[in-house]
Amino acid sequence: MEFFLTVYQAKQILYSRIRKLLFLLLQSAWTNNIKRVVIKNFDEFLQLKREKNITFCKKLPTLGAEFAWNYYDNQTETHIDILFGARLPSDTGSWLAWGVNPNQSPQMVGTRALIGIRQPNGTLALGTYNITADTKLGCKLQPSRIDVTVVSKHTEYVSSLDYFAITATLILPPEYNISRLNHVWQVGYDSDEMQPKKHRANLPNVDSTETINLKNQETTCCIGKHRRHLRTVHGILNILGWGTFLPIGVIIARYYRVYPNKFAWWFHFHVSCQIIGYTLGSIGWIIGLGLGRASKHYSFQTHRLLAIFIFTFTTLQMLALRLKPKRKDEYRKFWDMYHHFLGYALLALISVNIFEGIAILKPHQLVWKWAYIGLLGILAIVTLGFETYSWCKFISEKKKKASPPPPSAN
């Protein structure tokens, strides 16, 4: 028997290692393929840069975009030659945009943009556009005159690489400072002749702004990068607070209060976990409100409303530390029912909202998703173990009570 168990275990180990090896090979092949595509795109961009005799260049932090430029600064006006490119599918209707914003911070609203569009007949068109708050509200975006003089402009598409590029020479008015130039870029996948349709509201699209010093290539302000750091902190705090410590506190209360394991200090551990979880979750929630306010033109309503609901009713739960009725009160049992039901409902809602938040993090949501699934799996295994032990103990004690007592010896 031991021999067969050993053989079975060896097969399981072998199959497990084969699966891991296949997964690593597929992952390596996929990663190498992506790297080759990115390298080819950047090589194409560098080739275009050399052809246009442009000096400076950099890879932009989002949407796989690249930007290159020359500048000619004198006392009266500033000329810049720009080259902007990104990988886009060959479908007609896709569009590519780059622009400058004279406001204090880099943002979409207020941008003077160049937008290149692939027409239904396959030809390329390039126009100038003013991006206003009305555009964010869904109003049609039509070509219009801008306060930046466009001396020349051109688009080209490399079909073998699905690479779209815009080149132009601009004369900037005095209010544009090239030592601190706010520039914005974007890609879209649908248009109607010269009217670009709304782009996706994924975070890389939201973060496609920065402030750059054209003289030394330094990025003096990258709001998108700052937001990405805050989102990471927001996610970690909420997963630890709402998604970890609160469930652990509930597990302690359920399985160590009376049955199956009576532990004298259960309440102290329960309250400690709830306070830590509530504190971390509340800090994460406040950061989330700040992030929502910073990108007010892009809102994730479901995630936001669920977060407000969770914070409100979790705060109500925490007030039980001081406001709960005494054990001798007649309505204490009804309060217990309400407290337990609301607690379990909040745990379910917290899991839903964490997944809702993770879904926003495209294209980096897979790491977060599987990490949280792993955490839920651990909590589920612990809960299942305690629940199984509780029922086994309950059934065993019930059998002992049901069995007749042994006859007494006379």
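All positions are counted from 1 along the displayed chain.
Glycine is no exception: its Cβ is also placed from the backbone N, Cα and C atoms.
Feature annotations, reproduced from TrEMBL:
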- HIS234, HIS270, HIS303, HIS339: heme b binding site (BINDING)
- 63-188: domain 'DOMON' (DOMAIN)
- 200-395: domain 'Cytochrome b561' (DOMAIN)
- 235-256: transmembrane segment (TRANSMEM)
- 263-291: transmembrane segment (TRANSMEM)
- 303-321: transmembrane segment (TRANSMEM)
- 341-361: transmembrane segment (TRANSMEM)
- 367-391: transmembrane segment (TRANSMEM)
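Considering only the binding-site residues HIS303, HIS339, the Cβ with the fewest other Cβ atoms within 10 Å is that of HIS339.
Between the transmembrane segment (367-391) and the transmembrane segment (263-291) there are fewer than 3 Cβ pairs closer than 8 Å, counting only pairs 6 or more residues apart in sequence, which means the two stretches are not in contact. Note on the domain 'Cytochrome b561' (200-395): mean pLDDT across this stretch is 86.
Sequence-remote contacts of a segment are chain residues at least 6 beyond its ends whose Cβ falls under 8 Å from one of its Cβ atoms, and for the transmembrane segment (303-321) they are 242, 246, 271, 274-275, 278, 281-282, 285, 288, 292, 339, 342-343, 346, 349-350, 352-353, 356-357, 360. Residues listed for heme b, HIS234, HIS270, HIS303, HIS339, cover a largest CA to CA span of 28 Å. HIS234 (heme b binding site) counts 22 other C-beta atoms within 10 Å of its own C-beta, drawing on all protein chains shown. Over all protein chains present, the Cβ of HIS270 (heme b binding site) has 20 other Cβ atoms lying within 10 Å. Tertiary neighbourhood of the transmembrane segment (263-291): same-chain residues 227, 230-231, 233-238, 240-242, 244-246, 248-249, 252-253, 256-257, 304, 307, 310-311, 314-315, 317-318, 321, selected by CB-CB distance under 8 Å and a gap of 6+ residues from either end.
Across the domain 'DOMON' (63-188), DSSP assigns 7 helix, 67 strand, 52 coil.
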